[in-house]
């Protein structure tokens, strides 16, 4: 492995064997990266299969030529891998989490809301149908009551017409048509909103993913540029070369107590600045996690409401309606006593029973029916939650591994540009010597 890395990091191969070894290494790397790039475009960014395949092949060929011919490009590409463990890699993982939520969680929420609306539509349709049927009962009651009024004992008291005129809507197709049009309008609006939301987030995620990838390459290039041009940049590590230089010049005490800020690149010790940076980044990841948990909670809440609505709608019982009519008619003649002679009137009041109507009618209001087309609620996919959980575990891991990823970037740059590393080690040694002289 050391020999392969030596050939890979050399500016120019020494012979044909190293040249072919470098070509095979670059080919293997581009094949793996091309496959990952295709899967990222097709599965995560939701590009078409043909476009993803064409872009992945073109990208792989271009990457192969660049890695094989350009030595600094190999260094930048090698530093991209550990840079994925920094904040730029976290941005890509955030983008992946957002896309997973858009593709899997958002349609689930909208589908469950549609189920709730279907339940409401079904209840409105059946209740209105049952209410219209109740008008037929009212018509029957009115005619029977009218007939009873007509059937009086004495025709002198009979009304001209005992039937009530009740306006009954016989054709209910107009109401059904209006309800159907209203339901279709609501469905179209929800569908348009769903498509708009998905397309907007998909386009935004694609733009963000492309920007993050370009910025990832830019950050690696920026690190290499500062490494090659600024001797003070990221130069506070006790490397093996610095230890050898101090031992050769008989000054190993410089690495002991002269500076407490020096760190070993392979050690686990973190400086105070690195610890504070990790805490800040962990807080940002926690905020993103809380936002994602809100979306997941909305999905579970929508499913719970839809499941309860469907279950309760199936359990709706018919509501009994009772109409009781009690009607009693009597007629009387009153004869007031004449003043001065009370014997001229033989009765004070005469009552005649003309009719008695006492009936009870029953009807049922139905709110749900088995003929309603209600799509079943969609439960949250546990595999999506598992993937999101793993991604956030990786995000928290990158928070604490970011410092070591930067140390690895420095080691990669040092292996590619060993002459510059010698200059940087010499600069740090002289800086330590000046500080020791002042002390």
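Every residue, even glycine, has its Cβ placed from backbone N, Cα and C.
The transmembrane segment annotation in TrEMBL covers 20-41 (among others).
Under the heading transmembrane segment, TrEMBL lists 53-72 (among others).
Here TrEMBL flags 92-111 (among others) as transmembrane segment. Same-chain neighbours of the transmembrane segment (92-111): 44-46, 84, 190, 193-194, 197-198, 201-202, 205, 208-209, 212-213, 216, 288, 292, 295-296, 298-299, 302-303, 375, 377-378, 380-381, 384, 387-388, 391-392, 394-395, 398, counting only residues six or more beyond its ends whose CB sits under 8 Å from a CB of the stretch.
Annotation comment: TrEMBL describes 233-429 as domain 'Dendritic cell-specific transmembrane protein-like'.
The transmembrane segment annotation in TrEMBL covers 275-298 (among others).
Under the heading transmembrane segment, TrEMBL lists 383-401 (among others).
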Could you tell me what the rest of the chain brings near the transmembrane segment (20-41), counting residues at least six beyond its ends with Cβ under 8 Å?
4, 7-8, 13, 47, 51-53, 55-57, 59-61, 63-64, 67-68, 74, 77
Please give the sequence-distant neighbours of the transmembrane segment (53-72): residues at least 6 beyond its ends with Cβ less than 8 Å from one of its Cβ atoms.
10-12, 22-23, 26-27, 29-31, 33-35, 37-38, 41, 47, 224, 416
